[in-house]
Amino acid sequence: MTFLLFFLLVLSESRADNFDEAYSDLEHYRTIYISENGPRLSVDTAQPKVISQRGGNATLPCKFNRDPSSAPNPKLRIKWTKLTSDYLKEIDVFVAMGFHKKSYGQFHGRVHLQAASENDASLVITEITLEDYGKYKCEVIDGLEDDTAVVSLDLQGIVFPYFPRLGRYNLNFPDAEKACRDQDAIVASFDQLYDAWRDGLDWCNAGWLSDGSVQYPITKPREPCGGKNTIPGVRNYGMRDKQKERYDVFCFTSNYKGRFYYLIHPSKLTYNEAVQACQKDGAQIAKVGQMYAAWKLLGYDRCDAGWLADGSVRYPISKPRRRCSPTEAAVRFSGFPDKKHKLYGVYCYKSNN
């Protein structure tokens, strides 16, 4: 037995020696591999999120660092893309290589590089729109080296639930997108709805979000809304069929450049008279999103029910009081009355443009 153990030990050492001889330069190649693929190029952002507002400007930070021993590369390429909600597609925003620069689609003419230093790839976006909200990827390509970083553009604004004159649960996803656009808004993202919930939004009807999911926020659990013994939160129906299934929608809007106001008129108006009255005043009948923005962002307060563009009647209360909104600040909803009724005033919107 002792002889057998000695033989196995010698055989093992012999094979180990043969392995080392056959692959004597393995560690050498490993060292070269690590050196060649080390951090010759790195890209980072100074902050993960930038906050702006519609109509404003924003700078999305991005800087890159090259290996100091690397020769200057006139073909170094900087590319910005916007990530979609499912991350499967990227929307081209801006590309720069030397003196060649190009902006794309809805960003054309509104984006440029800050270029505060030779390694500054920060993107400046001007005249921000609601659609600019989202995540952006900064990519720097230096020969065979490349690296990326992601930064979010958030907007100050407000989320509001919406359903049309037809009633609740009548919107498939394309209809929901159009409904929000018609009210000077876009379909809200989950992050926007979550922030609204944290700010106190409570709504028991499920609505579309921009990623195609259907959810609703509950701050006060109760039996018809998931059960009174459940915890507060954003209830999630998951991803739904965008064409066949119908729900309400959560819209998001932000600041506007214009004036929202209640039109002082000697008499109450039908819907058609309300539209004409605003036009006569050099304005247009206001949209639901404009009322929510005026209420939330400017503190607009008026206890007079008035027509809006979608045929609904609402009024904004920022200071709760008896006969108006006794318990909470809110945009009060009076429904979709017969458009021929002469029972209401009108809210108008006059653009600065």
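Please read every residue number as a count from 1 along the shown chain.
Using N, Cα and C of the backbone, Cβ positions are placed for all residues, glycine too.
Candidates considered were Cys303, Cys348; the recorded disulfide partner of Cys324 in TrEMBL is Cys303.
Taken residue by residue, the domain 'Link' (158-253) breaks down under DSSP into 22 helix, 30 strand, 44 coil. The DSSP breakdown of the domain 'Link' (258-350), given as helix, strand and coil counts, is 21 helix, 26 strand, 46 coil.
There are 18 other Cβ atoms within 10 Å of the Cβ belonging to Cys225 (disulfide bond).
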